[in-house]
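Student: Handing you a structure now.
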Amino acid sequence: MATFSGSKLDDAEKTPTPAKVAERHPDDTSDDISLDHEVYDSSSVDPVLAKKMALISSAIGEIGMTPWQWKLFFFNRFGYAVDSPAVDREFGRPNKRFAGVALASQIGLLAGAALWGFSADIIGRKLAFNSSLFICAGFVLIAGGMPNYVSFAAMVSIYSAGVGGNYVLDATNLLEFLPVTHTWLVTFMSIWWAVGYTITGLVAWGFMSNLSCPTKSTPATCHRDQNWGWRYLHFTAGSIVLALSVVRLLFIRMQQTPRWLIAQNRDVEAYTVLENLAKRYNRPFTLKLEDFESKGCVLHTEKSRWSAFRLTKHFGGLFETRMLTYSTLVIIANWFIIGMVTPLYSVFLPYYLASRGATIAGLFGPIVAGILVETKLFGRRGTLAIGTLPTMILNLATSTQIQTPAQNVGVSAAITAASNIYYGTIYAYTPEILPSAHRATGYGMCVVLNRVGGITGVLIGSYANVETTAPLFVCASLFGLLVLLSLLLPFETRGKRSN
C-alpha cells in the first residue's frame, strides 16, 4: 500500500496567533531565494508566501519524480459520464432536439465545480479527491435503475457533480506535487478521458448491440424488457469507477499538498509531507524546517473556516495585481467560450452528419498536446492556438465541402483530435497561472463559467435549426475567437515554476 505519511497529519485548522502573525520579518533580506523561475513575480502581494512557495518548488525539484507521483498521475481522471440514445427510445424526450440529459449533466458539472472548487482552498484538496469519484460511481449505478426520463436526468446531474470535483482537483493536486521538469504530465493526463470513453464505448458495444430497441423505436414500441443495454452499461461503468475509486483511495493515500499547507501557515505539516516523500524513496532533501520559519508568517487573517470573508479573500486573490487580473479575465473568457461551443458543436453535428450517413470518430489529441507544450516554438499558449485554429478550419470544411460518409468520418476525427489538443492544454495551463493559495477557487470559477457557457450552448442548440450549415459557421467563428484569446494570454509557463 503506497503511502509516504510517517504520521497522520491533522487537517484541522491551525491558524497562528495574532502575535505570531505579526512576526513576518518584512525587512529580512538575509536569504538568497530567487524568484526568477516563477511564472510571475508575486512578491509584491505577499513576499513571505512567494519565498516559501519557491522553497517548496526547489524541494520538489530536488526530490524529483517518485513512484508516488506516478501513481497520482495514473489514478487521476477516472470519472466519466455515460449517456445513450437508447434512453430516449425507451422514455422519450419532451422535445426532439431538447437535450435534457446533456443539460442535466452541465448543471451537475457546474454544481460540482462550485462546491469542490470553492471549498478546496478552505478545507484542503484531500476531501474532494477522496470522495468525488465515490459520488460519481454511486449515482451512475443508481441511474441504471431509473424508471423514467426525469429521474434518469436527475441522477445524471448528481453523478456529474462528482465528476465536476474531479475536473478541478485532479489537475490541481498533480501540479502541486510535480517537479517543473514533469509539469507536461498535467496536459498528458487528459489521455485518461479518452481511455474512459474508449472503455465505455467497448462496454456499450457489447451490451447495446443485442439488448436495445431498434433505432426507430418509440416509447410506445420500446419496452423495458427489450432495452436493458443502457442499464447494464450504467451498472458496469459505475462498478468500474467504484473499483477504481477504492484503488485510488487505498494506493495513493492522498495528503494535503505542501503549497496549500504553507498558505495556511502550517509550515510543520508542509515540511513533514515533503520530508516523508523524500525519505520513503531515498531522495535527496536539504530543506530545513528553519528555512520556512525564518521567513515568518504569510498573510492569513481568516478566523473561521467557513466564513464568507474567507471565500471572498480567495476570489480577491485572483485579481491582486493588474497583470494577474488581465490573465484571470482572459483565461475565464477562454473557458466560457469553449464551454458554449462544445455542446453547440455536439448538438449540431449529429443532425448535420446524420443526413449524410456518417458517425463521429475520435483520436487522442492530448498525446500531441503533451509534446507541443514542452517545445520552445509553441509552449502552452501556442499549443492552445494550434488546437483551435485547425478546429475552426475543419468546421468550415464540414459545412461546405463534406459530401460522403468517408469524408464525414475523417473530418470529424480530425476535429476531435484538434479540439482535444486545446482541452488537454487548457486544463493543465489554468492551474499553472493561478496563485497556489487561491488555485482551486480560480479553477473552480473557470469551470463554473465553462458550464454556464455549456448550458447556454445546450439551450441554443435545443431551439436552433440544427439541420442547416449556419450553426457550423457560428462554431467556426467561436473557435476563431479562441485562437485570438489563446495568443492574448500574458504568461508562458513552459519551464517555469507555478507560484
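In case you wondered, yes, glycine gets a Cβ from its N, Cα and C as well.
OK, TrEMBL features for this one:
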type     : residues : note
REGION   : 1-32     : region 'Disordered'
COMPBIAS : 21-32    : compositional bias 'Basic and acidic residues'
DOMAIN   : 47-494   : domain 'Major facilitator superfamily (MFS) profile'
TRANSMEM : 98-118   : transmembrane segment
TRANSMEM : 127-146  : transmembrane segment
TRANSMEM : 152-172  : transmembrane segment
TRANSMEM : 184-208  : transmembrane segment
TRANSMEM : 228-251  : transmembrane segment
TRANSMEM : 323-345  : transmembrane segment
TRANSMEM : 351-372  : transmembrane segment
TRANSMEM : 442-464  : transmembrane segment
TRANSMEM : 470-491  : transmembrane segment
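On this model, are these features tucked inside or out on the surface, and what's nearby?
Tutor: The average pLDDT computed over the domain 'Major facilitator superfamily (MFS) profile' (47-494) stands at 80.
Outside the transmembrane segment (152-172) by six or more residues, the chain places 76-81, 83, 87, 91, 100-101, 103-117, 120, 125, 128-129, 131-140, 142-143, 146, 186, 189, 257, 427-428, 430-431, 439-440, 443-444, 447, 451 with a CB less than 8 A from a CB of the stretch.
Within its own chain, the transmembrane segment (323-345) has Cβ neighbours under 8 Å at 40, 99, 102, 106, 384, 395, 415, 419, 422-423, 426, 429-430, 433-435, 442, 445-447, 449-454, 456-458, 460-461, 471-472, 474-475, 478-479, 481-482, 485-486, 488-491, counting only residues six or more beyond its boundaries.
Same-chain residues lying 6 or more positions outside the transmembrane segment (442-464) and placing a CB less than 8 Å from one of its CB atoms are 95, 97-99, 102-103, 106-107, 109-110, 113-114, 116-118, 120, 164, 167-168, 171-172, 315, 318, 328, 331-332, 335-344, 346-348, 430-431, 434-435, 471.
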